[in-house]
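Presented below is the structure to which this report refers.
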C-alpha cells in the first residue's frame, strides 16, 4: 500500500533539480533510456526523472572537451526562462563526464522531421514554426544574447508542436562594452555576411540565419548547400541576397518575409520584434497544424525501429542456431546489442542537436523531391557523404584583404600559363568578375585548380595561429586541475 502511495500521487512538473538531487549520483535521480544522437560537444541521451516521471534529455560531455564552451552553454541556458527556449534543469560531474540535464523535445528537430517524412514543409507549417522561433529570438536578443547557429537542425519541436531554440554551444553574450562581436562562429551556409567579413555583428546576425532557415524548410536545404563550404563563404558576402529557386511557387508574404531577413546591411535588417508583426507571421496558424507532420514523422521512425528490431532478432536467431550446432552448451556472444533497438550515435547533415537518428535513415530516404515533380536535378535533395561542419576559427582572417592579396601574388608566381603574370589574378573588389568572361575555358580551369591549394595553405597558417593561442589556455586549465588534485 505504501508503494502505491509513493508511485501514484499527482506528479509535479520538473522545473529545476533541487539541492538534494544534485548531491546524489545521477543514476539515483535518472534512468537513462536510450541514446538520441550528438549535440555540440557531447552525446545526448533520453532519460526519465524518477521522482516526477518526466522525460528529460541529458547531454554527456567529456571533461577533456573545450571546457570554456561547455561553461558558456550552461551559463546561457541557466539564464534563460522562456517557453521558446530549451530549459536547463541542472548538471552533474560523473567520472570523466559532465551531465547536463535539459528539456526533452520528443518530435526532434525540424530538419529531422523533413528527412523522416521525405517532404519539405508548407507555408502554413513554416509560418507556425517561424512564429515560435522568432519569439525565442526576441527573448534571447532582449537578454542581449546571440544564438549564432540558427538553422532547422537547432529548432526542436515537442510533441504538441511548440518550437524551441536549442544547442547553445556557440551562443554569445553581448555586454555594454562589447556591442559587436568579431568572431566567426556558426554554420557556413547560414552565416550572415557581416559575420564572415568580421566587421562586427550583433543580434540581427541571427535574423539572416533565420531567413536562410526559412528557405531550408521550404526547399529542403539552404542556398549554396551543394558547393564547398569554403567557396560559400566567399559567395555569401559578395553575391546578392539569396532567394527561392522558384519564387513563383511561394506567396508574396512569404517571399517578402525572407527578403526582410536577408538584407545584407545589418543596420537595415529587421529585428525579431519587427518580424513578429510581419503579415506572414501574424497570420500563422496554431501549433495544432503541426501535429499531423509530427505524428507522421514519429510513425516513420517507429516503423524503422521495429524493422531494425526484427532484423536484429532474426540475426540473433540465426546466430543462435549456428551456436547450437557448434556446441551443445556454450553460446557465443553476438555483439553488444543483444536484440535491442539500435540507436545511432552519429548525426546526419550537421544537425548538431539533441535528436534521434537511425543508422539507416539516409540510405532509406531515397531522393527528396522538392516543390515540383517536373524539376530535375535542382528539385532534388542530394545525399552528401560528408556532414556539414560548423565554422571554426580557421575563417578568422580569411577575408582580410591585404593578407589575401599577398598570398595570391606569391602563389601566382608558380601558376602555369597565362595566369602566371596576369594582373587579373588578384581577388576583384566588390565582386566584379566581368573580366572572367574573356578567359578561355582552359584559363578558367587553371584558376579554379589554383584556388584549392592556396586555400589549404591559408587554412593551415590560420590553424597554427589559432593553436598557438589555444595551447596556453589548455596548459593553464591543466595546471589548475593538478593543483586541485594536490589539495
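The backbone N, Cα and C atoms fix where each Cβ goes, glycine too.
For 1, the entry in Swiss-Prot reads N-acetylmethionine.
Positions annotated as phosphothreonine by Swiss-Prot, on the basis of similarity to another entry: 3 (among others).
Under the heading domain 'Protein kinase', Swiss-Prot lists 30-281, citing sequence analysis as support.
Its own atom aside, the Cβ of residue 42 (ATP binding site) has 21 Cβ atoms within 10 angstroms in the protein chains shown. Residues annotated as ATP binding site in Swiss-Prot: 36, 37, 38, 39, 40, 41, 42, 43, 44, 59.
For 183 (among others), the entry in Swiss-Prot reads phosphothreonine, with the evidence type similarity to another entry.
According to Swiss-Prot, the feature phosphoserine maps to 265 (among others), an assignment based on similarity to another entry. Under the DSSP three-state reduction, residue 265 (phosphoserine) is assigned to coil, being neither helix nor strand.
Under the heading coiled coil, Swiss-Prot lists 290-310.
Look at Swiss-Prot and you will find 313-326 tagged as compositional bias 'Acidic residues'.
Sequence annotations record features per position, and here Swiss-Prot assigns phosphoserine to 320 (among others) based on similarity to another entry.
Taken from Swiss-Prot, the feature phosphothreonine applies to 340 (among others).
According to Swiss-Prot, the phosphothreonine annotation covers 367 (among others), on the basis of similarity to another entry.
Annotated phosphothreonine per Swiss-Prot: 387 (among others), in sequence order.
Taken from Swiss-Prot, the feature phosphoserine applies to 410 (among others), supported by similarity to another entry.
Look at Swiss-Prot and you will find 414 (among others) tagged as phosphoserine, backed by similarity to another entry.
The phosphotyrosine annotation in Swiss-Prot covers 433 and is backed by similarity to another entry.
The domain 'SARAH' feature in Swiss-Prot is assigned to 433-480; the stated evidence is sequence analysis.
In this structure, residue 42 (ATP binding site) is part of a beta strand by DSSP.
Residue 265 (phosphoserine) is 37 Å away from residue 44 (ATP binding site) when you measure Cα to Cα. In this structure the C-alpha atoms belonging to residue 265 (phosphoserine) and residue 42 (ATP binding site) are separated by 35 Å.
Secondary structure from DSSP puts residue 36 (ATP binding site) in a beta strand.
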